[in-house]
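So that you can see what the record holds, here are the features copied from Swiss-Prot:
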- 142-146, Asp186, Asn240, Gln289, 385-386, 402-404, Leu411, Tyr433: cyanocob(III)alamin binding site (BINDING)
- Cys26-Cys265: disulfide bond (DISULFID)
- Cys105-Cys308: disulfide bond (DISULFID)
- Cys155-Cys197: disulfide bond (DISULFID)
- Cys388-Cys393: disulfide bond (DISULFID)
- Asn160: N-linked glycosylation site (CARBOHYD)
- Asn216: N-linked glycosylation site (CARBOHYD)
- Asn316: N-linked glycosylation site (CARBOHYD)
- Asn337: N-linked glycosylation site (CARBOHYD)
- Asn343: N-linked glycosylation site (CARBOHYD)
- Asn349: N-linked glycosylation site (CARBOHYD)
- Asn354: N-linked glycosylation site (CARBOHYD)
- Asn369: N-linked glycosylation site (CARBOHYD)
- 333-433: region 'Globular C-terminal beta domain' (REGION)
- 1-23: signal peptide (SIGNAL)
Amino acid sequence: MRQSHQLPLVGLLLFSFIPSQLCEICEVSEENYIRLKPLLNTMIQSNYNRGTSAVNVVLSLKLVGIQIQTLMQKMIQQIKYNVKSRLSDVSSGELALIILALGVCRNAEENLIYDYHLIDKLENKFQAEIENMEAHNGTPLTNYYQLSLDVLALCLFNGNYSTAEVVNHFTPENKNYYFGSQFSVDTGAMAVLALTCVKKSLINGQIKADEGSLKNISIYTKSLVEKILSEKKENGLIGNTFSTGEAMQALFVSSDYYNENDWNCQQTLNTVLTEISQGAFSNPNAAAQVLPALMGKTFLDINKDSSCVSASGNFNISADEPITVTPPDSQSYISVNYSVRINETYFTNVTVLNGSVFLSVMEKAQKMNDTIFGFTMEERSWGPYITCIQGLCANNNDRTYWELLSGGEPLSQGAGSYVVRNGENLEVRWSKY
């Protein structure tokens, strides 16, 4: 177990709102670093031509101190291209991630944040999210996961934001924490990280707010932590395999809000390691999101003024180390049932290569019948996002989206990462959240 430091205390009045116990963090021991190698292999072997996954991977590797020079150089170039050429197109959360990745620690790339006024641009994008919420019944332009990233980045990099707006919009019962009736663990976890940063800034006097704001932030954090823990499974996963890493980060920084027996950190860690060994994290975004927690790190460890640490030697990674890729079964095909459901359901049978992802099935069906199965998508930091099918497009203001299902159950992975199985019944359904 690893000990972290309590926040500085300022005044007896604030004392009652500040965590009274030290944060306990479990992390992979050095002798078990070999069990993290599949995550690193996924990040090393992935194709970053579009540059969308690069930000998550750079953030993750820098945060835990792993330097793979040739890979990092390639991904930094992709990030620089996005900053210089298409910044107006990126969402607020993507821009927040770019800032976090560039400024994890003191490094040359950090200058891009200031040379291109990224903090100012994020402030504007965040304000646009707030204005959209005010105009559209509390619905942001993107989602609350990205909104939380915005607040976190602005907080860590001394940007301007309104504490009153944070208190107003981050109430735990806000509909944006939910998809239908299901609480979103990763959204709640990112909100806990953001609120914890804001609270620390209030305590340190970096931003001004009244006593009520600090109290409300503590109340919100406690409620969100309880909701996160309510999603804990018997095997220790929290929400699902892919939300567990960020849930761990949130619980690392909020130990004052739950009892020691409410969460067995080591059990969660061991289950995630088992999931890694079974190939669960084959998507670079998923691999990047889970790695920091396994190394005992959280996004609150980001500090643009601190020296970059290096843990590469402990992993025995060479910058040019060749990675052996296991090829899929040669010319092995599978058949799946695929349907699109709007008011009625449209079916087809699709044959794809063994090892194909959901997106490949959609692309094959589109070639078979573009009228019924034609779709459009956007490449985002979290992978491909299905925007329209049959010309019917997802709309944040209406809280509509295209839901991916297998056997009638919602998937926890996206179209670009979920690997389909022979005989599977796959569905894309027009839904509201």
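Backbone N, Cα and C define each Cβ position, glycine as well.
Known features from Swiss-Prot, placed on the structure.
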| residue | record | DSSP (3 states) |
| --- | --- | --- |
| Asn160 | N-linked glycosylation site | coil |
| Asn240 | cyanocob(III)alamin binding site | coil |
| Cys265 | disulfide bond | helix |
| Cys308 | disulfide bond | coil |
| Asn337 | N-linked glycosylation site | strand |
| Asn343 | N-linked glycosylation site | coil |
| Asn349 | N-linked glycosylation site | strand |
| Asn354 | N-linked glycosylation site | coil |
| Leu404 | cyanocob(III)alamin binding site | strand |
| Tyr433 | cyanocob(III)alamin binding site | coil |
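Among the recorded positions Cys26, Cys105, Cys393, Leu404, the residue whose Cβ has the fewest other Cβ atoms within 10 Å is Cys393.
Burial estimate for the binding-site residues (Trp402, Tyr433): highest at Trp402, by number of other CB atoms within 10 Å. Summarising model confidence by region, the region 'Globular C-terminal beta domain' (333-433) averages a pLDDT of 91.
With the fewest other C-beta atoms within 10 Å around its C-beta, Cys388 stands out among the disulfide-bonded residues Cys155, Cys197, Cys388. Long-range Cβ proximity for Asn337 (N-linked glycosylation site), meaning a same-chain Cβ under 8 A and a gap of 6 or more residues, is found for Phe347, Thr348, Asn349, Val350, Gly423, Glu424, Asn425, Leu426. For Thr142 (cyanocob(III)alamin binding site), applying a Cβ distance below 8 Å and a minimum sequence separation of six or more within one chain yields Ser91, Ser92, Gly93, Glu129, Asn396. Set side by side, the binding-site residues Tyr144, Tyr385 differ in how many other CB atoms lie within 10 angstroms of their CB, and the most is found at Tyr144. Put simply, Tyr433 (cyanocob(III)alamin binding site) is 34 Å from Cys26 (disulfide bond) when counted between their Cα atoms.
Between the alpha carbons (Cα) of Cys265 (disulfide bond) and Gln146 (cyanocob(III)alamin binding site) lies a span of roughly 26 Å.
Of all the recorded positions listed here (Asn343, Asn369, Cys393), Cys393 has the Cα closest to the Cα of Gln146 (cyanocob(III)alamin binding site). Secondary structure at Asn369 (N-linked glycosylation site), as computed by DSSP, is coil.
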